[in-house]
Structures are given as C-alpha cells and as structure tokens.
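A.B. asks: Take this structure, written in structure tokens, and hold onto it; I'll ask about it next.
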Amino acid sequence: MCQLAPLPLALLLVLLLGCQHVLQAAASADDDDDDNVLHIGGIFPIRGEGGWQGGQACEPAANLALEDVNNRRDLLPGFKLKLHWNDSECEPGLGASVMYNLVYNQPQKLLLLAGCSTVCTTVAEAAKMWNLVVLCYGASSPALSDRNRFPTLFRTHPSATVHNPTRIKLMEKFGWSRVAILQQAEEVFISTVEDLEARCKVAGIEIVTRQSFLSEPTDAVRNLRRQDARIIVGLFYVVAARRVLCEVFKQGLYGKQYVWFFIGWYEDNWFEQNLERESIDCTAEQMRMAAEGHLTTEALMWNQNKEETTISKMTSEDFRLRLNEVLSKKYDIANKRYPEGYQEAPLAYDAVWSVALAFNKTMSKLLKHGKTLKNFTYTNKEIADEIYSAMNSTRFLGVSGGVAFSSQGDRIALTQIEQVINGSYVNLGYYDTQADNLTWANKERWIGGKVPRRDRTCPGPSGAFQRVPWGRGHVAMWSISSLGIVAAIGLIIFNIWYRHRRVIQSSHPVCNTIMLVGVITCLWSVFLLGLDGQFVSPGVYPLVCQARVWLLSIGFTLAYGAMFSKVWRVHRLTTHNKPDTKKVEPWKLYTMVTGLLLIDLVLLMTWQLYDPLQRSIEEFPLEEPNNTDDDVKIRPQLEHCESEKHTVWLGVIYGYKGVVLVFGLFLAYETRSIKVKQINDSRYVGMSIYNVVVLCLITAPVTLVIASQQDAVFAFVALAVIFCCFLSMALIFVPKVIEVIRHPSDHAESKYNPDIGSKEDEEKYRKIVQENSELQRLIAEKEDKIRALKQRLQEREAGRGGGGGGGGGGTTEGLLHTGAGYKDSLIVADLITDAGTSDSAFGGGLSVHTRSSRASTSDLEFSESYL
C-alpha cells in the first residue's frame, strides 16, 4: 500500500499514477493466461452526438475478426489476440483520454486501433512517443497522410482525397465546370477541400463559392442559393448531412436543376434515420425528395466479387450475413435499419486481420534473435520498427477487397460511384485513380430525363453565347453581299470595256474602278461580320477581328476616297482663277486616294503591332433559357473584338474618317449645282457622298449603343454597308449604263446626257470666240479713223473762220459745210454698216441704224459712244 505524505500537488499526482501502475501490474500478474495473449488497444466512437459514430458497427466487426483470427491454428501459433477498447464519441479530447488509459493501464498494448479522423489525428500524433503503431479503420482525413507528423500510422480506410479525382472525373464526364463546396468545419473536410480546390484548378473547373459551417448549416445553404450554385460538393459527417439535406429541401436546392455530391460512407438509409431524435424539421418524405438523384463517391469497402473467398475463408457476402446476425440483436436489420459505420465494418474486420498478419511476420523475425512480441516495451524501438515494417508490407485479400498500404500508410483502393434512384443507392461504376480508368454502367437517371447543365455558358450550339441567328441574318446578308460583289465585278468589266466612250472617259474610269474595288472589299467584310463562335474557334477569332477592321477600313477608303477626289477636283476647277487648272490631270486624283490609303495602313499597322484585337467575353445576368425544357438558368455571354486601349484606337480611326466625311460633305454641297465637262458625273458623286455621310453618322453611334445585341449590330452594320455600296454604284453607273444601252454610238450621247457637250456646241463656241476677237480688232480700227476725221474737221473749221466775204462766200461756206457733213455721214454709215455686217455672225442680233440727215458734232459723239 502506498503511503501518502504532505507533498506538492504535482508530486502527489505522479505518486498516485505510479501506485496505480503497480497495482495494475500486480493484478495482471494474477492472470495465468497472460503469457500467450497479445494485447491491442481499441478506440471506437459509438455514443456521440456529432461526428462519425461508426463504432456502432465497426466494434462488432472487429470482434468477429478476433474470433476468426484466434481460431486459426496457422496464425500466431501459441498466442491469441485480445482487444481492450473504450468509446471516444468521436471527440478528440475524450479520445486522447481513452488512449492514455489504454497505454498506462496494464496489460501493455502492442498496437492501437482507432476510428474517426479527429480522434485518429490526436492518437497517431501522440502514439509515436510510445513507439506504438496506430491502425485506423475509419479515418479519411488527408492530413493523416503526412509521414513526418504521423510516422507510425496506417489505415485500412482510404484517404478522403481518393474521392477528389473521382469527383473531377465525373465533372469532366458530364461537362460541369462550375461547382460550389459546402463543408463542415472539421480538419478532415478542410484538408479534403484544399486538395479538391487544387485539383479543380488544374482541371480548369471554377469554384464559384466555398461555404463552411460548424453545426448549423442554414446560412451556408442560403448562401449557396444566392450564388446560384447548381453543382455542389458536400463534405460533412452524417449527423450534419441530415441537417443540410433538410435545409436543402427548405431552400429548394434540389430537383432537375441541381446535383449534389455526398460522402459515400453514410449508411444507405441515412436520410431517413434519427429525424426525431436529432430534431430534424423535415419529414422522411421531404428528405427522400431532397436526396433523390444525388451522387456519392466512396472507396470500395466491400469486396465486389461476392463469390471470391478471402483470407478468412469467407466471401464478402458470408461476412455480411454474419455481421447482420450480430447487429440484429440491437438494430432492426430486417427493415434495413443499419447502425452507423455499417459501410466501414469490413475495414474494421480487415484491420484486425492486418494486425494479426503483421504480428505473425514480426514473430518469425524475432524468433531468429531469440525474442518474442512479449518483449515489447514502450521504449523498445527495435521491436516497434519490426512491427512497422511488417505492417507496411502487408498484402492480402479481405472482405473489403485487396488490402495494401502506400508509403504514406494509406489504403490503396478503387472508388465506387453511386446514385440515389427512387430512394435507393444504385451502383453507377468504379474509378481506378492510379490507372485513370473509369468503368461506367450507364445506369444513371436524372430528374427531368437529362443531365443537368451548369449555369454558365458553353461553347458550341448548345451554349449561351449570344449568336446571330443562323438562317435569318446570315443567309440574307451574305446573299445580298454576294449579289453586290457580282454586280461590282460586272461594272468593272463594263467600265473597262467601254472606256473609249465619252460618257465613260469623261468620268475617269480608273477612279471608278478604284471605287468598285472598295465596294467589293466592303461587301466582303459583311461575311466576316457574321462570323462568331459558332463558326470559328476561340483561337481563330482574333484573326477574324483583325480582318474585319482591315477590310472595312481599306474598302471605305478606296470607295469613298475615289468619290472624294472627284468632288475635290471639281471644287478646285470652279474656284481657281489660273487657266492651267482648267485641265484635270488623272494622277492628281490617284495621288489623293493613295494618300488616304497610306494613312489607313499606318494607323491599322500600328494598332495591330502594339495593341492587337483579341477575343473578349461580356457576361450578362442569369436568365431563363429559351428552351422551356432546359433545367438550368444560363448566364449569356457575348463575344467582342477588343484591345487594351480599344476606345483610343476607335477614337483615332473615327476621328480621321469623320474629318474626311465632313470635308467631303462640304465640298459636295459647294459644288452641288456645278457641271464641268472634265468630270461629267460630279453631281451623282456628290449625291453618293451625301448618302455615305448620313449613313456613317447614324451607324457609328448606334452600333456603340446597341453593342450588347449581337444580332441587331450585325443586321444594322451589314445593312448600312450594303445600302451605301448599292446606292453608290447605282448613282454613278446606272446613268452610264442607260446611256450606252440607248445610244450604242458615241455621236448622239449629248442629246440625252445633259452633263455632256456635243462636238457641234464646241465648234460653235470656238467660232464665236474667234468672231468676237475679230470684231474687237475692227472696232479699234474704226475708232482710229473717227479720231482722225474729227481732227481734220476741226482744222477746216478753224481755217474758215479766218476769211471775210459777201454772200457768195457765205454760200460757198455753206456748201462746203454741207459737203463735209455729208462726207462724215457717209463715213459713219460705213462704220455702222461694217459693224452690222460683223454682227451678222451672231445671227442678226445687232440692229443697224442710219441717219439720212446731215451729221453734226453730236451725231459723231453718238456714233462713238455706240461703238
């Protein structure tokens, strides 16, 4: 008996613990059979309120394994296994207490069995201090794969991360690329989610949201609805799973629009059990409705070959019958009321077999050195290493399938995929992670009859990209553009064939050909405007964007530039005073078009080299699909051609084109009523410019406003381009075609074309100019003669005034005066007659006046002023 004395509290506790060990050692010494018993410790979660209470079925399964192992004569000869266990309730603190009691209480344990990830984490991290190997039959936490943290841990339950490759495989199979995650705030699920997120990132799957909860999932489930999650991965223990499923029913997150992934190690009817005991505010029928169609992934825990004999001489079906018989004493197995942990029961059974086989191999090695497992102590690392090595190399066929451990101590197993159909789980297939092999049975059934789609757009005909409706927009616009291209080619041939005709020659046929080439280029751009993701791949789409800009810009410059150069030359001809400008030199017209084209090339090349157009996606709010049978909402998306500084480049291009348009409009207005024979179609060119300017000023801002309506933009721009091209060709070439058809010869064109002067008019104009020059010369000569006569008359009058005389003299003087006046009158008449004769060249437009009376000084002055 230990005597107690006044000592410090810490020392008192140490002494009490030591006394306890002495008493237990003395008690165990009284057991006569202790020498041939190998003791192992067990920790089973059974009566807890939360977490995984899988010990309800795993503890009976472990006892069945002990019974079978101890009945084998060829296994552990001379020894028996004995299990000492207690309940941890899946609480890490209580689990640690159970472990310490097992370790410090006699008899000494050779190995520990544990279940529940949180408890296994605590036990395995501490067990290395006693050189104890820990074998977990029910722990899936990925954190347990860390060999540095858990150097002596093995587990027959596969890691939870084995589910993630299977989930990714299913998402890829059904085309889901946008998923949400709902998890319970436990380490096992946190580490599983981290692994899942990493795998989703590699696979290109978007995690739309990640919600977690501690005990009450209401807010987390509501957030899933706010995020419009459709494909949801749920990671939680079964007690929390029932609360989640009830909230799923309340929020309406079930049915044909949703797919849930749950953990597969729940019992088959978990969504109908313990509803009243756990105060679940949903009926069994409501829970079944919410659970219908969900998928589960689980590592294979039962050997799928029911006819295959395992190491225990039983098939998996034989084991199931034996386990059901044991469990039926406490549970209503006949009505499929299975206890928690029923799915993991084979893992616990095979865990005990793993221990027995490892001990058997270790004993063989120790016998060579004259030792046995009874020599093991918590400080004996040599025997602990032998147990570890034997466990690491264990390989056998158990009721859970092939049992083997990886270098991290994890169970290597296939993954099974199941779906709830009509309230029962149906096996859909298996996935081998190592071989990346999916075996699929094609038994899946979806509510609504088809696979739910994700709530995001998909490329292809079934996607939600806004497309130009094929059959309405494309066919109409492409057909009209094709007709326009054929018409333009025909006009080019017409322009070249009849280039010798005056009606064509005076309109500068080369300029007309340049305009038609621009029209063809613009009409080709209509074909590219209608191309989107339904015709070209995302990789080719940027090339289409560049081609659109180049064709439309260069086509506009060629077509409009040719017309602009004509109207500019007309304006120059009518406003310049120098006579040498009256002749139109064609090279000046071509130079102007070339200059505009060079500006285009510089701008477009700079844009493409420094900031090329790329494919960008514009997303719109969720909306109901046009197909009423669709089971999801879609998020429409629209493809755009954009660059980083798209607005700046558009401003530069629009600014340059706008200046040319406005200046062309001004010139067309200034020359609206002017006709020149050097450019005979100037009025029609001006009318074409009016239409082009008006349509461009309307189209550019409208397309910016309706940019989010793909079909409207295509129709509006295509119609504007087509209308401009067709109207320009009609205004400029229809009069020429009509003139050539009506008058096959070049002689009669002037009668029908008011813009063209005939040869007769030109000849008449030339003669009138010559006659006018001749008349001016004659008038100048007559004026010289009149000036000389006036001078002679003045001299004569001065001579007469110097003499005297009588009447005879007066008579003579009067006669002379009369004679002189008569002579002057004749001279004046002669001048007028000559003028009248000259004026006859104008068609008699000038009247001839003669005077029969005597000419006086005033008469001469009148004649001079008239001339």
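Every residue gets a Cβ built from N, Cα and C, even glycine.
Just lifted these from TrEMBL, have a look:
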type     : residues : note
SIGNAL   : 1-25     : signal peptide
TRANSMEM : 475-498  : transmembrane segment
DOMAIN   : 480-756  : domain 'G-protein coupled receptors family 3 profile'
TRANSMEM : 510-529  : transmembrane segment
TRANSMEM : 549-568  : transmembrane segment
TRANSMEM : 589-610  : transmembrane segment
TRANSMEM : 648-669  : transmembrane segment
TRANSMEM : 689-707  : transmembrane segment
TRANSMEM : 713-734  : transmembrane segment
REGION   : 793-815  : region 'Disordered'
COMPBIAS : 800-812  : compositional bias 'Gly residues'
REGION   : 840-867  : region 'Disordered'
COMPBIAS : 849-867  : compositional bias 'Polar residues'
A.B. asks: Under an 8 Å Cβ to Cβ limit, what residues of the same chain, 6 or more beyond the ends of the transmembrane segment (689-707), are close to it?
C.D. replies: 560, 563-564, 567, 640, 654, 657, 661-662, 664-665, 667-668, 713, 716-717, 720, 723-724, 727-728, 731
A.B. asks: Quickly jot the same-chain residues contacting the transmembrane segment (510-529) by Cβ under 8 Å, restricted to those at least six beyond its ends, or write none.
C.D. replies: 477-478, 481, 484-485, 488-489, 491-492, 495-496, 504, 544, 547-548, 551-552, 554-563, 565-566, 586, 589-590, 593, 714, 717-718, 721-722, 724-725, 728-729, 732-733
A.B. asks: Against the transmembrane segment (475-498), which of these stretches has the most C-beta pairs under 8 Å: 589-610, 648-669, 713-734?
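C.D. replies: That would be 713-734.
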A.B. asks: Give the nonlocal contacts of the transmembrane segment (648-669) in its own chain as ranges (CB under 8 Å, at least six residues past its ends).
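C.D. replies: Long-range Cβ neighbours of the transmembrane segment (648-669): 553, 556, 560-561, 563-564, 567-568, 570-571, 596, 599, 603, 607, 611, 685-687, 689-690, 692-693, 696-697, 700.
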A.B. asks: So which residues does the transmembrane segment (589-610) touch in its own chain, when a touch means Cβ under 8 Å and the partner is 6 or more beyond its ends?
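C.D. replies: For the transmembrane segment (589-610), the nonlocal Cβ contacts are 508, 510-511, 514, 546, 549-550, 553-554, 557-558, 561-562, 564-566, 568-569, 643, 649, 652-653, 656, 660.
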